[in-house]
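If you check TrEMBL, you get these features:
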{"type": "DOMAIN", "residues": "74-182", "note": "domain 'Expansin-like EG45'"}
{"type": "DOMAIN", "residues": "195-276", "note": "domain 'Expansin-like CBD'"}
{"type": "SIGNAL", "residues": "1-25", "note": "signal peptide"}
Amino acid sequence: MATALSFKAAFAVAALLSVVAVTYGARAQQQPDLHNATDSQSQDRSLLSYSSGWLPAKATWYGAPTGAGPDDNGGACGFKGTNQYPFSSMTSCGNEPIFKDGKGCGSCYQIRCLKSNHPACSGVPQTVIITDMNYYPVAKYHFDLSGTAFGAMASWGLNDKLRHAGIIDMQFRRVPCNFPGLTITFRVQHGSNPMYLAVLIEHENQDGDVVQADIMQNNSGYWEPMHESWGSIWRIDPNRPLRGPFSIRITNESGKQLVAKNIIPANYVADVDYRSYVQYTS
């Protein structure tokens, strides 16, 4: 583990220095092209749709060799217990085109590596869930996988050999999420009070993500937009007392909406899972 971590740190520094060396002159000669940046984001959305084929990426790994990534089984999306179902340690950081400033949290991807990428690769697709983020300038698409997920791409008995490689070429594609037996879950965050409510939203089938959340107080009939705090945590802080029970409406990347009616009671308790009766279906 120490060897893998030190290799990863050294690689990250080397990659960063090489990117700075290559791009410094170009940045000194031209201003950022915001139009091209927007076009690039649109292209990423198109490429990362379900209909796209296999795309090239780089894979690294972090944390314990058979762990879920972060030592606390969490990550920048705010999910907890990523070593347990439905994550089952098959998790990954995504760089910005994949993490999407938090709106990619919970999305699912198939990953694979071929014998041509590394002799230990099996070529068998494995599914991972985005639970964390990374900034390393490694490649256009970069999956920093849990040790478990990285090793899962190996042929039987060669997991450690593949992990020893540290960084490899791989392929990926977006796939619908499917969490059998689970409905969409809402967890009130610590720090919530009568004038501030923050909620973690997780376990969405299909897209797996939330791009907008709205809240209705006390059956008022009026939806108020929530704001993304970080990762998959959404909040409302209107500077006035909030009145429960609270219904929450979520919108996924495909534009489909679901309403969890009166999902959070007026006398809510922080760090308790409030399981809804709703779930996305195909």
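Cβ coordinates are placed from backbone N, Cα and C, and glycine is handled just like the others.
Predicted automatically and left uncurated, TrEMBL annotations should be read as such.
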Q: Averaged across the domain 'Expansin-like CBD' (195-276), what pLDDT does the model get? Just tell me the whole number, please.
A: 97
**Q.** the domain 'Expansin-like EG45' (74-182), counted residue by residue under DSSP: helix, strand, coil
**A.** 20 helix, 33 strand, 56 coil
**Q.** DSSP helix/strand/coil residue counts for the domain 'Expansin-like CBD' (195-276)
**A.** 0 helix, 41 strand, 41 coil
